[in-house]
Amino acid sequence: AWMRSYRWKEDFQADLAAGITVGVMLVPQAMSYAKLAGLHPIYGLYTGFVPLFVYAIFGSSRQLAVGPVALVSLLVSNVLGGIVNSSSELYTELAILLAFMVGILECLMALLRLGWLIRFISHSVISGFTTASAIVIGLSQIKYFLGYSVTRSSKIIPLIESIIAGIDQFSWPPFVMGSAFLVILLIMKKLGKTNKKLRFLRASGPLTAVVLGTLFVKIFRPTAISVVGEIPQGLPSFSIPRGFEHLMSLMPTAILITGVAILESVGIAKALAAKNGYELDSNKELFGLGLSNICGSFFSAYPATGSFSRSAVNHESGAKTGLSGIIMGIIICSALLFMTPLFTDIPQCALAAIVISAVTGLVDYEEAIFLWGIDKKDFFLWAMTFTTTLTFGIEIGVLVGVGFSLAFVIHESANPHIAVLGRLPGTTVYRNTLQYPEAYTYNGIVVVRVDAPIYFANISYIKDRSISSSV
């Protein structure tokens, strides 16, 4: 749609600036998220390549920045780590197969117009889940700061136990370097958010960390700092996803990733569409995301979705259309063709600092404080999802959160609000007697208003309440 009415004079300069800004931000982020997923950094760049071009053409959002994200990367790592060793070739094959499965599920949901199902999941559940996941992601990356291996887990207790158990292997150099990079990234992020003139700092933070870290390693050659190592040069080749014998064991995770991806992407895309004054079709959005994952899987990509941080930067940088996404893809293409030899000496702690800096924005404790003051029921949903995700893992956390969310929906539907009405003096208007105590009621007659459709699940409750009101 945007191609047919593209205004070169008005839009191209803004799209070019936004595409370059986010593309530069994506290169180090993509490698960082691939490491979080347990994959070689090159697969992060592959995931930020083909899906961008496909989404720019078929997606309905003009500002959404698609590619690898932290939460989906953690989900990939969590499920595949329990099936196969991350160093094996099968691990990579299954990650690529997951992208294909997620793409198929998203396209099916779009074709069957099932996007409305996501409305049943409460925002408090999403907030609690992402907050807990952000903490788990941060702890999973701390091993690159500490200089020793930490158990791969999505549960907080095994992670903390593993960190404490290996404390005698603690190494100062990666800790100092990683902490320094994290401080730099957080300061640049803060300045970029609060000062419009320094907006470029938010996007250039990851690149700054990578460049400084690489220069330090090249000059001083510290043996205690682990680096990325050799990265293959060139574009990914076309190949059919393999490992279909593991299809059934991957299906629950594919469904979970699809749900998380939809919640994150469609939510961001709708917000950006409202800010930029155009309509967004949720089903077209699902189809665009699904097709980008399917096509990406044929070029060695793992599941991609819309990124909150990169989409925000894309919007702030003035992106007008999907051309900004195509420009991001061109930058990734250039990095794959010409720049991979420069990535060899990137410190692992620099990539870890980029991930931790990115997920700090997902820690939404302010939402919990707000919900406590507004609605205790929603606070309970937030706290329950947060606690179970941290304690029992991501899958259990999501199931518990969604289960309680649906239970509240069913309870509200089966126990609707019923108001006893009275006539306002001197009028024929009837109002709730609790809100209008002066409203006149009649002896022997009770007028009630049921604030919900009447159906088999709530008819007994309505009958009981009506009888008790008349008594």
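Every residue, even glycine, has its Cβ placed from backbone N, Cα and C.
Residues or ranges marked as transmembrane segment in TrEMBL: 12-31, 37-58, 65-84, 90-112, 124-150, 170-188, 200-220, 254-274, 286-303, 323-343, 350-374, 380-410. Here TrEMBL flags 435-471 as domain 'STAS'.
Look at the domain 'STAS' (435-471): DSSP puts its residues at 12 helix, 7 strand, 18 coil. If you look at the transmembrane segment (286-303) against the transmembrane segment (323-343), you find fewer than three C-beta pairs under 8 angstroms, all six or more positions apart, and that falls short of contact. A contact between the transmembrane segment (37-58) and the transmembrane segment (124-150) is absent, since fewer than 3 of their C-beta pairs, 6 or more residues apart, lie under 8 Å. The average per-residue pLDDT of the prediction over the domain 'STAS' (435-471) is 83, rounded to a whole number.
The transmembrane segment (350-374) is not in contact with the transmembrane segment (254-274), judged by fewer than 3 CB-CB distances under 8 Å for residue pairs 6 or more apart in sequence. Among the listed stretches 90-112, 170-188, 200-220, 254-274, the one sharing the most Cβ pairs under 8 Å with the transmembrane segment (12-31) is 200-220. Count of Cβ pairs under 8 Å against the transmembrane segment (124-150): among 65-84, 170-188, 254-274, 323-343, 380-410, the largest is for 380-410.
Against the transmembrane segment (323-343), the recorded stretches 65-84, 90-112, 170-188, 380-410 differ in Cβ pairs under 8 Å, and the greatest number is found for 65-84. When the stretches 65-84, 90-112, 170-188 are ranked by Cβ pairs under 8 Å to the transmembrane segment (380-410), first place goes to 65-84.
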